[in-house]
2 protein chains.
Amino acid sequence: MPVKGLKVEAASIDPGHDAVILNPRDAEHLGVVAGLRASVVCRGRGVGAVVIVDPRVPERVAQLTKGLVERLGDCDTVDVHPIDVPPSFDAFKKRLSGARLSAAEYKMLIADIVAGYYDDAQIASFLVSQLYSKLADEELEHLIRAMVETGEVVKFGEPVYDVHSIGGVPGNSKVALLVVPIVASRGLLIPKTSSRAITSPAGTADTMEVLAKVAFKPQELHDMALRARGLIVWGGALNLAPADDIFVRVERRIGVDPPTQMVASILAKKLAMSVSRLVIDLPTGRGAKVQDESEAELLASMFLAQAGRLNIAMRVAITFGGEPIGFSVGPALEAREALQTLMKGDGASSLVEKACSLAGLVFELGGVVPRGRGYSLACEILRSGAAYRKFREIIEVQEGDPDIKPEDIKLAPKQFTLEAPRDGIVTMIDNRAISLAARAAGAPEDKGAGIQLHVKTGYRVRKGDPLLTIYASSDTRLHEAVRLLDEYNAVLIEGVVVKVLP
Amino acid sequence: MPVKGLKVEAASIDPGHDAVILNPRDAEHLGVVAGLRASVVCRGRGVGAVVIVDPRVPERVAQLTKGLVERLGDCDTVDVHPIDVPPSFDAFKKRLSGARLSAAEYKMLIADIVAGYYDDAQIASFLVSQLYSKLADEELEHLIRAMVETGEVVKFGEPVYDVHSIGGVPGNSKVALLVVPIVASRGLLIPKTSSRAITSPAGTADTMEVLAKVAFKPQELHDMALRARGLIVWGGALNLAPADDIFVRVERRIGVDPPTQMVASILAKKLAMSVSRLVIDLPTGRGAKVQDESEAELLASMFLAQAGRLNIAMRVAITFGGEPIGFSVGPALEAREALQTLMKGDGASSLVEKACSLAGLVFELGGVVPRGRGYSLACEILRSGAAYRKFREIIEVQEGDPDIKPEDIKLAPKQFTLEAPRDGIVTMIDNRAISLAARAAGAPEDKGAGIQLHVKTGYRVRKGDPLLTIYASSDTRLHEAVRLLDEYNAVLIEGVVVKVLP
């Protein structure tokens, strides 16, 4: 039975998820045992929350956790209803059985997930089902549209451009800091929203935050974008396709990231920003998210199939992702390298070529230049300083200091430089080892932590030459990072003479 | 970093799962955010628990939930270690990728699950993976053995017999109350452990509990079994294959029950009781767990494949499960019907024939009679009163009153009798509707609640004849049960003349 008119209090505990804490008697009336979900209703709107029982809570009181209070808004009293199974549970079970769901079924399912009516076990089941029983193109479209419709949509009244990298390669977060100003300097509207790092040492939002604010409200973002033509902001606070945030949290727990859900999540976030011209970057190679070209092509075909359905003009670039991009890994180090490159109009070839290629594809999508001519235009914009001038505008509109210099950027105080153990050629820099070590050093939470590379694959080194420098805020973290680099043999150096036969 | 030597206090809250509640500072030192898992270590043994943060908890104190205190035993202080990923996480991911796991990998995985190192999202993923990427026979054996090895094993030093029904048909819980005394009366050892109802209106343990105690310790159970030769007890308190309890809890949340996991869970529980001669009952039909014979045969072949590997002499009976067994549904009503049948030596044919068939197969497995002769021996034992005398012994050894009469059994006070709306023949009694309505009436928690049928399929009825009587403890519950029977059209009556053409 529902229990009605419970007085709202703020909960003291943080269980890590939305929860309503009730006196055992009220929980008994409700008929929901601790650990299961109930719907907490305020002014007709219900939000799912886990029931926790505590005899210290007075009867007729509902203690709500912080996140729940934020989601429900200002309520003096709430009603609590049992959720036996979510209304869309039949659709959920149908999906698990491998059958196709209709657009209406996806809409119900995603709305219930966003409302908090599904628990992590159920959400994990939905995700894992996609690993085995792939969503057909039509279903994937339904899922994407359902994810868009259950959140905010920001409209601009003109074509919106974007570049999105699926990530997974250390050092990649800074690429957008070049691409966005290059594109925006030609007047195309590119209000890029991005995530913070999930499993990597830096997300684009983390890196941009070294130079400017990244958290804005939808209306602010809209106005700022129209002023500067380009933005690099955090998408997390905007309630764009909020189901994605829930899926990402559970994906991290179960260590899987089904390709169909990846496509759905990326495109839903883009549609929520009204993006209609999109370049997708699939970094591919050893230790990247996508290991080889055939896998990348499969993923590309999934993106392109949806592009047609969703009216997005799209190009997909499969890029080299077999080693870190540029020489820096970690928010502050990457922000510094991006700023240096923009100011100088040139820099590491792996960074400059990638940024110009992606920006060039955007120009071609926008009809600024014919196909095949975008790259050189982008390089010219970077070289001429126009990109740097636009970047200053973007920093300014995002409330940062446009006069910031690379040497102003604060790095972590403790450093350790790894040296070449022998003469030879660098034959491999391991993405995973670099990511793990940079995270162990403290990135991305500690913005000054990370790894500065001094060599890349193909460099000739002599014994004792510096290979890379780790930045961390404590000796413990520094040592852990060194240990990981060592354990994983992060930088491989091989002799010029590989083998001599008798 | 681990936090060490925290003073143990009892938690006030019940979050529905094992949890450790920490001051925010200790949680920060630990480096685990609220909602994720940590290992709570006492005397070298670690148990996984969810971290909850509460500023009311003093620093250097770990508040432990009730279940966690029970699992850890008496500890004044505990250490808390972060669990980044469980040690067996590579094996877990391998399973999700569809690859086969070795015996050692299953052992690690199940040990970590039992230790509480996996959360519900991860456990759900493991279960759902089995829906799509079936376990090979060899893997299933590894899983079963791992489930046995991570719990208690009760040994008897002589062959142990058992009969297990996969359930799913209302009224089925009472069958064991006939089978066990029939088998035990010939001296075969049949210490049957069973579950309480999960989604049905009565489990065998619920029904037996109307007549006797069912919760015992492993040593008590061992001694009682050797005295009475037969037992009907609850398996839940015995720590037999404890992974099963975890799987069942998550299966209920996600509404799936993968066949391989069902086979694993049943056989692991049996091996934990040292069962070596086993009859499996697969009730099959509309509204049962198994819908048709081909599905039943597939399941039977999975059981038989494992029987060979696990050295269990096994026979599988596919039985009619298209309508309720006997005339009663719910613990007290079923206990009453079982007792009546045992005392009289006869009763509803669907009950008597099923019990004698299953007991007969046990006799044949045990070499008591040649194949094909078990059924008549079992019927004779029932008819002669020998089964009733043995049942009295079993009740007595389980601390119940052997002199209990059917009319002593207390039923719920509120009743409603459904009448035939027309003349005709009963063509269908819907299992699901009967189960739902009996549960709505209060079964199995309210032992006196349930449904007494007055007709079965094939009965001729006249308008106004009683079809069934619902028993409940409150009018609200009674009305809800009536509503469900009505909504689902639980008893279908069709005219003798189905159609007349012009």
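Glycine residues also receive a Cβ, built from the backbone N, Cα and C atoms like all the rest.
Given the structure is predicted, the values throughout are model-derived calculations rather than measurements.
As written in Swiss-Prot, here are the features:
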type: ACT_SITE; residues: A:Asp257; note: active site, proton donor
type: BINDING; residues: A:Gly168, A:Ser195, A:Arg196, A:Ala197, A:Ile198, A:Thr199, A:Ser200, A:Thr204, A:Ser265, A:Lys289; note: AMP binding site
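Distribution of Swiss-Prot features across the structure.
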residue	record	contacts (Cβ under 8 Å, 6+ apart)
A:Gly168	AMP binding site	A:Ser200, A:Pro283, A:Ala288, A:Lys289, A:Val290, A:Gly321, A:Asn431
A:Arg196	AMP binding site	A:Gly203, A:Ala205, A:Asp206, A:Trp234, A:Gly236, A:Pro444
A:Ile198	AMP binding site	A:Val248, A:Arg252
A:Asp257	active site, proton donor	A:Glu251, A:Lys289
A:Ser265	AMP binding site	A:Met147, A:Ala241, A:Asp244, A:Phe247, A:Val248
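Once the Cα atoms of A:Gly168, A:Ser195, A:Arg196, A:Ala197, A:Ile198, A:Thr199, A:Ser200, A:Thr204, A:Ser265, A:Lys289, the listed binders of AMP, are compared pairwise, the greatest separation found is 18 Å. In three-state terms derived from DSSP, A:Arg196 (AMP binding site) belongs to neither a helical nor a strand segment and is classed as coil. In the three-state DSSP reading, A:Ser265 (AMP binding site) counts as helix.
Within 10 Å of the C-beta of A:Ser200 (AMP binding site) there are 24 other C-beta atoms, taking all protein chains into account.
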